[in-house]
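Q: The structure follows.
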Amino acid sequence: MAADTTTAGAGRALELAEVERISILGAESIVCGFHLADYIWNDVFRNLAAASTYVLITDTNLARLYVDKYQESFAAVWAHVNPERKAPRLLVHVLPPGETSKSRATKSAIEDWMLGEKCTRDTMVLALGGGVIGDLVGYVAATFMRGVAFVQIPTSLLAMVDSSIGGKTAVDTPAGKNLIGAFWQPKRIFMDMAVLSTLPAREFSNGMAEVVKTAAIWSSDEFDVLEASAEEVRAAVLEGQKGGSGASGLTAASRSAAQTQLLRVIAASARVKAHVVTHDERESGMRGLLNFGHTIGHAIEAVLSPQVLHGECVAVGCVLEAEVARRMGHLSEVGVARLTRCLRAYGLPTAMDDAALVRLVGARRLAELRPRRLLDIMALDKKTVGAQKRIVVLKRLGATLEMQPTAVADSLIAEVISAGVLVRPVPETPAGQAAAVVVVPPGSKSISNRALLLAALGNGECRIRNLLHSDDTQVMLAALQAMGGCTFGWEDDGDTLVVAGGGGRLQAPPHELFLGNAGTAARFLATTANLINAAGGSTVLTGNARMKQRPTGPLVDALRANGCSIDYCERTGSLPLRVHHDGRGLPGGRIQLAASVSSQYVSSILLCAPYARQPVVLELVGGKVISQPYIDMTIAMMAQFGCRVERVAENTYAVPAGAYANPAEYVVESDASSATYPLAFAAITGTQCTVPNIGSASLQGDARFAVDVLRPMGCTVEQTATSTTVRGPPRGQLRALGLVDMEPMTDAFLTAAVLAAVAAGGATDGVTRIRGIANQHVKECDRIAAMCDELARFGVATANHADGIDVHACALGSLKPGVPSVHCYDDHRVAMSLSLLACVSPQGAEIRERRCVGKTWPQWWDVLARDLGAPIAGADPAEEDAGAEGPKADVAKADASIVVIGMRGVGKTSLGRVAARALGLLFVDMDEHLEADVGQTIPEIVNGAGWAAFRQHESRLLAQVLTQTHATGALVVCGGGVVEEEANRRVLQQHRALGGPVVCLTPNMQHVAAYLNRDRSRPAYAVTSDINDVYARRLPLYAECCSHEYLVDKALLAATNAGDDDERPGAWAVIERDFVRLLRFASGRDLNRVSLAHPSFFVSLTAPDVRAYLPDALPRLTAGAHAIELRADLLLHAEPFAGAADLADAGTADEFVHYVHRQFTLLRHFSRLPVVFTVRTVPQGGAFPSSADALRMRLLHAAVQWGAEYVDVEVDSLAPALYAARQRSLVIASFHDPSGTRLRWAANECEFADEMLARARACGDVAKLISSARSWQDNVDCLDFVGRNHSVEQPLIALNMGYEGQMSRVTCPCLTPVTHPLLTAAAAPGQISVAQVHQARALLGLLPAQRFALLGSPIQQSPSPAMHNAAFGALGLPHTYRLLETSAADDEQVVALLRAADFGGASVTIPHKQTVMRLLDTLTPAAKRIGAVNTVIPVDDGKGGRVLLGDNTDYLGIVDCLRQAQLDCSGTADGRLPAVAEAKALVIGAGGTARAALFALHTLGVRSAVVFNRTAARAQELVREFADLFDSLGSVESLELAAEGGQLAYIVGTIPGCDLMIPEALFAQPAGVALDMAYKPRWTPLLEAAQKHAGWAVVHGVAVLVEQGIHQFEKWTRLTAPAAIMGDAVYAQYNAQF
């Protein structure tokens, strides 16, 4: 249809777009074009039934962009179409964006609003939005007035090509997505491509999944276009509107090429779906084809939604369902590979363990994708018939096996979706009856990669046949396309790749080149990138974690020496690399290269040499050249592409300048390394196999495997120039090789090692000694170490050598019974070789990582089962690992050993020793353990045998310690570089997965560097002397392994010392204390959680830097609170983040995370309260941008690792992933409605609140719903809602914000957020303090006044009433505390008080601490052990009554004072206080207080003590009673004798009015603590003597009084005591009296 520009009377001219119409269900109802607003209203007014009211429904994001435009257009078009008539109404309703709006509650709200607006049956509803808006509004239209006219205006790519077409409408429920809905066809579907200019890149990818899916089932031509034009399509969608005029695209003539491409892609996809819907509207047959990828994809989505998008799940499902088709024999591997590559090209994940999914949901959440669970979900799929699951099966790209989904067995689906594969033993065939098998391996990886690069650099077209379709070649293809020097196309249904070479004309790619673990591509492209002839910019080559460890140093060194500018971005010697472009290209001339590590370095320079500015002479230096056959292969292939290399000396090559001339056709040989597997299968099983396209004329060194390895082992080998046939000897009769040099075919050593494992049939010693394979230590993994480890699982003995492996043969019948579980190290060759051994193992074996074979032979498991006859099935290693541990295996067990990792010099050993003593664990220092095991120091090992030998010892012992000798009951400290080895990381990860905390110490690198400059006990770093580079390299490796993280930074504490930069006294002791606290939490020993059975509070800090509250304000403002909320979003107000900080910038994000970590650690150092960690977004009333979800998730995950007791996450796409990874933390799943319009509490309008509560409970341990009050009734409704939904088992925080909502804070049942007058501002509108809450609760009768008293005599001068009454007043409590002086504990007044209904608690002092016990119902263990009570607490008996509990807080007061004094001592210049377990203590006295003192010393960890009392018999009696608590406890007859046998570090005096002479000998220890329980006089003889010694700290008795009183208060009230106020009250009275 042609565009029309018509003047609307006196108004503006209409802009009627030129559109393309698509027919569906017999009408051209789908309209595609650009800038359609005027066209839409014109079409609606002229061609659809007239309406009295038009209702436009959209969301807030789109409303800002389009509502004004549509309203203006509505008026303008109506004035043109019906100038004489009054315009109908146009109502606009705006919803919050996101999946939460797609609910029954929102649907009801829309309907109520429409009824309120008096909409009638002639209303037309228009949905302007993505899939959520379209589905929801369509369902409203389907049911309002029993159905009204409906128009779709989709604004997302996914909605355009999928959800808007077909008439499916629905809402979500807590039970699942789209479970309630209807078919309701829209009258029109207007696809305005202009709106896609605002589409985020991820939404583009989300939509492209459906586009690619549609092409895959319907049109091979369309698939070819999508495959070849990914960048063009991406640019068309995301940038197609840029650079043109406002009306660009309105007409066909005004459309840019990008707009034309965009329209073509979307229309083509929509046309297919329209055709299918037309022929099968209600999905009874053909429409099922549209569900390709959905059977498995929907199951994945059910687990990972909503943080993983629909299209992302479907993309993974498409690949897996294509693999099902391949496994059934219908689809070729080429088809699977092309589909995978095409989806990846559009930024989509293609595997269940895809790195993109890991980033979105985390590894723990992905672990929920268990085959059994997915199959259970699929059982409910709408395509399932009975118990038979149905999948759309491709027979080729663009065509399906049937015109409907096909029935597929569960076992086959399970095999494809499983992480592992179970290979059962192959039945033995009688001699002479085995069928001869022919297997054609895929194309050679080495040749494929070389052919791709040669053809891309060459001139002209080249058709490459038998190209390997694997991960590695896909990486190379993608990189060459990104560099823009060639174009690719496919022929023969993907069997032939057509390369149009660019003659070496390359350009800088628009993004970094991610190369995975593809070593060949990484090495080749490292030189290729230097050919880019640009005068500026750079190219970054990067890869996965393993690729970042593999060496590239010799190649980079050679290129740099030749004049290339290359930087290492992380680790020196490895990727990532940044290649700078300065217009000079590759200089050429003479190049020297060390080629003793990898022949790929040589091939890389040779392949690019013709395009250097000068002819190249390449000289190989540095020892024996490795893998010469691969160099020969490169030279031969260069000749086939027209460039002849001259070998002018043994290790020198001359390459002329020029350009490659592409041959018309190039056939890639099958991969000789891969060919070793089927040939070895024949050898090990005694059968026959032929590989038809590998023979003696092969370019590949591994082609010699059959002749040089299999024949000597006893096989019959027939080899021609182009084929190889092997017939194995009778099973069990293979012979050992003895010594064999496999340098010409190093990759084949794994296959030889497997055969050698069972080569026990000859007369030799049964040992095969493979040499010449040193390079295999640095391949995809350390393959030699891997084979040693994995062969051991079968019972095969090996020896690991620097350049080889010894394998001791084991008879088949002697292989270890059971089913070994084989780790593959993400190495394809490890997996394929060991699968052969599984074929003859007694019960087979489980290969844990089946997908790693995709690197070279993706269909290996199909070949093994279908062609070679091995019985295989899916295996789920993770489920088996977790089986014994249950579903919570990722949560640490209390007895699992704790592992500490981190940089050398951070304090691992010193902190570890302290923590091991505190937790009662065996301390294991791995460095010391290694030195003892080897019999050499680490410097001796490294200097003598090298770092590799040291790492091998380290790996062996780490695995032994964590899996055998010390898996439980130990604290294991590892060396700083333990994470450098993949095998070590795997052991640490496994230990973590099975319940062991792995704690990484995060250092202040300035402190570490200073320490290492002093410490020479360890060798220097192997790769670089720059410690910061080492740390940068290790940081992501530490992150891979750790479950928790602890920041060790004494400078933090210095920064709070009143502006003084000097170290704060006791800083290291504080770090030790809080490290132990983290380990107690991580191991489950002390979770530090708030009891939710009673009202509780958390105070919300609002300053951008917590140092504003340190050190004095924090304890005052947290008084009465049970936890502290750290609002990470409010920390954005700190410099340098305030203002316009770009959180999308990686450096800024890193800096902010580190800042938050420091803030969190400061809170830990200054408060014992639990932390509620929160990142509140702007839409939910916070300050964190909603666009920074990745950073928000990173912060939330970090909080879990830091040990936050509570983590608050909004109920959105991030919540499920955090909940799955929460470890010991509890998740508060929250939803805030600042407007108060959506979250309503009343029973007749709480449907949305009910839904949000259900969602919160699905992804949280505590639900939190916050609304805003609009009237007093809202508080009543909220209280009623809480009454219906809150319990201790399912806690709910529910309240209203704002002044009118303050009463809901008073009645909130638990974890009420509060403020404090010391805070500069409240964290939310209407927040009140703890005191205000208590005052209101008292007025409402919710907090009855209670009576407290001190029992004893004489007590008239006691400061306890002043202390406790000050505390009650400070927290708004209506209670009173008085003195009750009595000479008898069973006095009538005492009994009456204890039994009174308003009795709140009592303090007990002399002389009643023992006699009062007769009046009590029960005692705490501490009170029983001490034999005295100083605190009485009434507690609920669980039956509606109360019992009286006796406790003793004297010992707690002593413990607290001694711990604080420890910190003071450790900060003095003379402070050398010994470790508590090594210290000796003295107690002076033998009465009740002395008993508390001994128990306090035991609690503190003291193991050796003596008691002195004037009456020796009482001291001896006390010693006998408490001897079991100490390693050594005795009595002395004089104080002079107390210091003998060890210097004293702790002295506690317990005699009131003591007039003893204190000998100086007691203070011989340079540092110690003297505490006297007497507080009259202030300076007792003990304290006077101690204070004369600079290293000794003194503690006055009044300090203990305050501390024990604080414990009493908290036990009585369950509130955090206002310690400072209590202390002030005591000291005010005490100072006045003394």
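Including glycine, each Cβ sits where the backbone N, Cα and C put it.
Straight from TrEMBL, here's the annotation block:
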- Glu283: active site, proton acceptor (ACT_SITE)
- His298: active site, proton acceptor (ACT_SITE)
- Cys852: active site, for EPSP synthase activity (ACT_SITE)
- His1232: active site, proton acceptor (ACT_SITE)
- Lys1264: active site, schiff-base intermediate with substrate (ACT_SITE)
- 59-61, 99-102, 130-132, Asp135, 155-156, Lys177, Asn206: NAD(+) binding site (BINDING)
- Arg146, Asp162, Lys168, Asn178, Glu210, Val211, Val212, Lys213, Lys273, His294, His310, Lys382: 7-phospho-2-dehydro-3-deoxy-D-arabino-heptonate binding site (BINDING)
- Glu210, His294, His310: Zn(2+) binding site (BINDING)
- 94-205: domain '3-dehydroquinate synthase N-terminal' (DOMAIN)
- 207-383: domain '3-dehydroquinate synthase C-terminal' (DOMAIN)
- 439-864: domain 'Enolpyruvate transferase' (DOMAIN)
- 1350-1432: domain 'Shikimate dehydrogenase substrate binding N-terminal' (DOMAIN)
- 1472-1524: domain 'Quinate/shikimate 5-dehydrogenase/glutamyl-tRNA reductase' (DOMAIN)
- 1345-1634: region 'Shikimate dehydrogenase' (REGION)
Q: If the Zn(2+) site is taken as the center of the Cβ atoms of Glu210, His294, His310, which further residues of that chain fall within 8 Å of it by their Cβ?
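A: Other same-chain residues with Cβ inside the cutoff are Leu158, Asp162, Ala209, Lys213, Gly293, Gly297, Gly311, Cys313, Val314.
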Q: About how far apart, in whole Å, are the alpha carbons (Cα) of His1232 (active site, proton acceptor) and Asn206 (NAD(+) binding site)?
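A: About 28 Å separate the Cα atoms of these two residues.
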Q: Using Cβ-Cβ distances, find the residues under 8 Å from the residue listed as 'active site, for EPSP synthase activity' that belong to the same chain and are at least 6 apart in sequence, listing them in sequence order.
A: Cys824, Asp826, Asp827, His828, Val830, Ala831
Q: Report the mean pLDDT of the predicted model across the region 'Shikimate dehydrogenase' (1345-1634), rounded to a whole number.
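A: Summarising the region 'Shikimate dehydrogenase' (1345-1634) by its mean pLDDT gives 91.
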Q: What recorded positions among Thr100, Asp135, Asn206, Glu283, Lys1264 are found with a C-alpha within 10 angstroms of that of His310 (7-phospho-2-dehydro-3-deoxy-D-arabino-heptonate binding site)?
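A: Taking Thr100, Asp135, Asn206, Glu283, Lys1264 one by one, the ones whose Cα falls within 10 Å of His310 (7-phospho-2-dehydro-3-deoxy-D-arabino-heptonate binding site) are Asn206.
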Q: Run through the Cβ atoms and count how many others sit within 10 Å of the one on Ser156 (NAD(+) binding site).
A: 26
Q: Among the binding-site residues listed here (Asn61, Thr100, Asn206), identify the one with the smallest other-Cβ count within 10 Å.
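A: Among the binding-site residues Asn61, Thr100, Asn206, the sparsest Cβ neighbourhood within 10 Å belongs to Asn61.
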Q: Out of these recorded positions, Lys102, Arg146, Lys273, His298, His1232, which one has the fewest other C-beta atoms within 10 Å of its own C-beta?
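A: Comparing Cβ neighbour counts within 10 Å for the recorded positions Lys102, Arg146, Lys273, His298, His1232 gives Arg146.
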Q: What whole-number Å value do you get for the CA-CA distance of His294 (Zn(2+) binding site) and Lys168 (7-phospho-2-dehydro-3-deoxy-D-arabino-heptonate binding site)?
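A: If we compare the Cα positions of His294 (Zn(2+) binding site) and Lys168 (7-phospho-2-dehydro-3-deoxy-D-arabino-heptonate binding site), the gap is 16 Å.
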Q: Work out how many Å separate Glu283 (active site, proton acceptor) and Lys168 (7-phospho-2-dehydro-3-deoxy-D-arabino-heptonate binding site) at their Cα atoms, rounded off.
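A: Checking the Cα atoms of Glu283 (active site, proton acceptor) and Lys168 (7-phospho-2-dehydro-3-deoxy-D-arabino-heptonate binding site) gives a distance of 11 Å.
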Q: Write out the long-range same-chain contacts of Lys1264 (active site, schiff-base intermediate with substrate), meaning residues 6 or more apart in sequence whose Cβ is under 8 Å from its Cβ.
A: Asp1208, Ile1228, Ala1229, Ser1230, Phe1231, Ala1256, Leu1292, Ile1293, Ala1294, Leu1311
Q: Rounded to a whole number, how many Å is the Cα of Lys168 (7-phospho-2-dehydro-3-deoxy-D-arabino-heptonate binding site) away from the Cα of Asp135 (NAD(+) binding site)?
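A: It is 7 Å, counting Cα to Cα.
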Q: So if I measure Cβ to Cβ from Val212 (7-phospho-2-dehydro-3-deoxy-D-arabino-heptonate binding site) and keep only same-chain residues at least 6 apart in sequence, which ones fall under 8 Å?
A: Phe223, Leu226, Ala315, Cys318, Leu339, Cys342, Leu343, Tyr346, Leu348
Q: Taking 10 A as the limit, how many CB atoms besides its own sit near the CB of Glu283 (active site, proton acceptor)?
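A: Other Cβ atoms found within 10 Å: 17.
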